[in-house]
Amino acid sequence: MPSPRRNTEGRPLSASASSSSSSPGSPAHGGGGAGRFEFQSLLSSRAPGVDSTCARLRASESPVYRRGSFPLAGTGPSQAPPPALPEDDRMDLNPSFLGIALRSLLAIDLWLSKKLGVCAGENSSWGSMRPLMKLLEISGHGIPWLLGTLYGLFRSDSWAGREVLMNLLFALLLDLLLVTVIKALVRRRRPAHNQMDMFVTLSVDKYSFPSGHASRAALMSRFILNHLVLAIPLRVLTVLWAFIVGLSRVMLGRHNVTDVAFGFFLGYMQYSIVDYCWLSPHNAPALFVLWNQQ
């Protein structure tokens, strides 16, 4: 008996299947048939954007697309990389040697100033010396020196004395002006252990840099040594007074060590300015005529 025809899977074909496959319109006979028309109708019935949408969905689900190894056409504009941060907003991981040195000096200055502030309060280790330190503070204040200079100008009856006192007044006013300007520009706060019980303070006296007492002490000691005839012990005492006034500022907690050091330097340079611009009856006759009429 002839064996029944089998399909590709080895199963016997039914009579209806064999009859349909041998019909003239079936694909087995090479005709266009209903199957081909149905396939074309399915293709034409799809929406115009369905194919591209499905392609994009399938591509977006693939791991290659998620890694972003190739751009997909029609997916919109590609995102630009984030802008680089400006130089000011970047963290400086390699500070300069100068910055490290300045920070180290500042730390040493604060530590040494706190160690030397032994008279900052009554309960400090040298609290009993605080009244003496405050007396030295008054001796270096600007108001007693200004009042004493003005009194000497009114009482002087010689041209030489008036010339020296006039330049001393000019030096004191210059010192007040420069210290005030520098304090207003720098605005360094006074040490934390300082007690604001100073003698006659102004608005800028809440700042620390530079020390006006130290600059005034250096200025006055140099002025006295150059324009007064003094014995050697008195000259030594003048220099020692200037040094102790500067040291008392640190011991009282008023200033840091660098404030006093710069104050000494500023006072020394101020005398050089006064000596260069020395006032005399020849270059400033109006001032001396005014005091002569008094």
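In case you wondered, yes, glycine gets a Cβ from its N, Cα and C as well.
Per TrEMBL, these features apply:
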type	residues	note
COMPBIAS	14-27	compositional bias 'Low complexity'
DOMAIN	163-275	domain 'Phosphatidic acid phosphatase type 2/haloperoxidase'
REGION	1-37	region 'Disordered'
REGION	68-88	region 'Disordered'
TRANSMEM	135-154	transmembrane segment
TRANSMEM	166-186	transmembrane segment
TRANSMEM	223-248	transmembrane segment
TRANSMEM	260-279	transmembrane segment
Non-local residues, at least 6 beyond the ends, that sit with Cβ under 8 Å of the transmembrane segment (260-279): 163, 166-167, 170-171, 174-175, 178-179, 182, 209-220, 222-223, 226, 242, 246-247, 249-250, 287
Stretch-averaged pLDDT - the domain 'Phosphatidic acid phosphatase type 2/haloperoxidase' (163-275): 91
Contact set, same chain, for the transmembrane segment (135-154): CB under 8 Å, 6 or more residues outside the stretch: 161-162, 165-166, 168-169, 172, 175-176, 198-200, 212-214, 216-217, 220, 241, 244-245, 248-249, 252, 254, 291, 294
Contacting positions for the transmembrane segment (223-248) when only residues 6+ beyond its ends and CB under 8 Å are counted: 119, 133, 136-137, 139-140, 164, 168, 171, 211, 213-214, 217, 260, 263-264, 271, 274-275
